[in-house]
Structure formats: structure tokens, C-alpha cells
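Participant: One structure, as C-alpha cells, below. Some questions next.
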Amino acid sequence: MKHIINPYENINNSARNNSDCPPVVLPEEIFFTISIVGVLENLIVLLAVIKNKNLQSPMYFFICSLAISDMLGSLYKILENILIMFRNMGYLKPRGNFETTADDIIDSMFILSLLGSIFSLSVIAVDRYITIFHALKYHSIVTMRRTVVILTIIWTFCTGSGITMVVFSHHIPTVLTFTSLFPLMLVFILCLYVHMFLLARSHARKISTLPRANMKGAITLTILLGVFIFCWAPFVLHVLLMTFCPNNPYCACYMSLFQVNGMLIMCNAVIDPFIYAFRSPELRDAFKKMIFCNRYQ
């Protein structure tokens with residue numbers, strides 16, 4: 001989806017000439033290295049949950065959903081670099097049918113990464129809400145069967161939406177839909193946080209008796225959400241500016257940071273697994289056992 005993924009290439013030349021901000025160019029090796037690290041880290045998260053029955057709970061399944069989203073974002077950049085490398089070596093015909101199809105598939109992965117992250121964070125927020133305010137009924141409300149059904153619906157919807165956005169990428173309604181999901185997710189979680197705060201005030205004594213792990217999960221979600229906003233918001237703003245004011249020199253100046261914004265997205269996939277490990281002793285122990293081949297006790 002070049003209209004969304006590579007918007008800087010579409011900036012009008014007059015806007016570049018009117019702007020005093022030259023484009024910031026980062027070495028592709030940096031992107032490739034960060035992407036490889038992101039894939040490996042999130043793959044470790046998935047393997048840790050698969051190999052440890054103690055981690056096979058709804059909460060960690062939702063975390064796995066977020067890890068898959070992060071991994072898709074990293075894989076997108078790796079495959080894009082490989083495609084560019086083959087094209088530069090002459091193995092692919094520029095703008096040929098194969099390259100166009102491959103571009104669409106790769107761009108779908110990028111859209112899927114963002115949509116998957118948005119819905120995964122949202123469902124984690126709901127899970128934390130139920131954990132805190134319906135702790136006694138949590139296991140009857142959030143069952144494994146319901147978890148699998150929810151995740152299946154989420155990823156089916158995200159896949160269909162990703163393909164649709166690629167097909168209609170050059171239409172402004174598509175761009176608006178793409179960018180509106182980001183603030184809508186923030187509004188939803190913010191409303192949930194406000195409701196949690198109001199309930200916490202009226203149930204202060206009850207909240208204080210909850211296991212620390214429940215409140216710790218809410219704090220972990222807050223950290224994950226903060227990192228997600230910090231890493232993705234600049235790119236979403238870039239898409240909006242590219243769509244509505246591509247010829248404005250001030251917009252063009254901001255859009256000169258396109259590669260920096262892209263690197264922030266890659267960094268999100270690297271940071272999240274560290275947050276899981278730092279906040280979850282169970283997951284941290286599983287990582288250590290995997291890394292040291294079960295010799296860690």
C-alpha cells in the first residue's frame with residue numbers, strides 16, 4: 001500500500017522545494033537489524049507460552065496476539081528489504097506483476113500489524129478490567145473457549161480489513177478509516193480507564209484486597225499502551241498530513257522524518273517483549289529456561 005506505507009515518495013516536488021527540511025535518510029541495515037531482533041524476541045514469547053502449560057491462560061493468549069502483531073510489523077520490513085534487494089540485483093522486473101503482488105501482500109502485513117495491535121491492546125484492557133472488578137467471576141467470564149473465539153474474530157476481521165485497505169488504498173475514505181482506528185482505540189481504552197478510576201474510588205477497600213498481580217497487570221497494560229502510542233502516533237500523523245496537506249512546506253518538513261517514524265514502529269516490536277519479561281516473573285522464568293536450554297532452575 002504505497003499510498004500509505006511509503007507516503008514520502010508521493011510528496012509533491014514543489015513542497016520539497018518550499019521546505020528547508022531535507023529528508024532524514026537512515027541506513028537500511030539499521031531497519032533490517034531491528035526487524036530481525038523484533039521477530040526473534042516475539043517468537044520467543046510465542047514459544048514460551050506454547051511450551052509452558054502454566055502460561056496457557058487467556059491473559060497470555062492475548063499477549064501472544066499482541067506479539068504476533070509486533071512480529072508481523074517486523075516481518076514486513078524484512079520482506080520489503082529482500083524484495084528491494086532482488087529488484088536491485090535484476091531478478092525482479094520493476095513494477096512487474098510479481099513485484100506488484102508481492103508489494104500488496106507485504107503491505108497487507110503492515111496493516112494487519114497495526115490493526116492487530118489496536119484490537120489486542122483493546123481486548124487486553126477489557127481483560128484487565130474484568131480481572132480487577134470481577135475477580136471472583138473472572139474464570140467463568142473469561143474462559144479459554146471464549147478467548148479463542150474472540151481472537152479468531154479479531155484476526156479474521158483484521159485480515160479482511162487489511163486486504164480491503166490495500167485494494168482501495170488510494171481512496172481518501174480508506175485513509176480516514178485507517179487513521180481513525182488509532183484514536184478510536186485510544187478513546188475506548190481511555191473511557192475504560194475513567195470507568196475503572198470511578199469504580200476504584202467507590203470500591204477502594206475492595207480494590208486494596210485484590211492480589212497484587214491483578215493491579216500489576218493493569219500497570220503493564222498502561223506501559224504497553226504508552227509505548228504503542230509513542231511509536232505509532234508519529235506515523236499516523238504522517239499519513240494524515242500526507243493526505244490533506246502534501247504541498248504545505250510545514251507538512252513536508254514533518255514528512256521528512258518518515259524514516260525516523262518508520263524506525264519507531266520497528267522499535268515497538270523490540271520493546272514490548274522486554275516489557276512482558278520485566279513485568280511478568282512467570283514469563284521471565286520461561287525465557288530463562290528456553291535460553292539456557294532448561295538448565296536454569
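Backbone N, Cα and C define each Cβ position, glycine as well.
Just so it is clear, the model here is predicted, and its values are computed rather than measured.
I grabbed these lines from TrEMBL:
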DOMAIN    41-276  domain 'G-protein coupled receptors family 1 profile'
TRANSMEM  30-50  transmembrane segment
TRANSMEM  59-79  transmembrane segment
TRANSMEM  105-126  transmembrane segment
TRANSMEM  147-168  transmembrane segment
TRANSMEM  180-200  transmembrane segment
TRANSMEM  221-244  transmembrane segment
TRANSMEM  256-278  transmembrane segment
Participant: Would you report the average pLDDT that the model assigns to the domain 'G-protein coupled receptors family 1 profile' (41-276)?
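Facilitator: Computed over the domain 'G-protein coupled receptors family 1 profile' (41-276), the mean pLDDT is 82 on the 0 to 100 scale.
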Participant: Any chance the transmembrane segment (221-244) and the transmembrane segment (30-50) have 3 or more Cβ pairs under 8 A, given the pairs are 6 or more apart in sequence?
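Facilitator: With fewer than 3 qualifying Cβ pairs, these stretches do not touch.
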Participant: Counting Cβ pairs under 8 Å to the transmembrane segment (30-50), which of 105-126, 147-168, 180-200, 256-278 comes out on top?
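Facilitator: Comparing 105-126, 147-168, 180-200, 256-278: 256-278 has the most Cβ pairs near the transmembrane segment (30-50).
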Participant: Ranking 105-126, 180-200, 256-278 by Cβ pairs under 8 Å to the transmembrane segment (147-168), which is first?
Facilitator: 105-126
Participant: At a C-beta cut-off of under 8 Å, are there same-chain residues at least 6 beyond the transmembrane segment (180-200) that contact it? List them, or none.
Facilitator: 114-115, 118-119, 121-122, 125-126, 129, 132-133, 207, 218, 225, 229, 232-233, 236
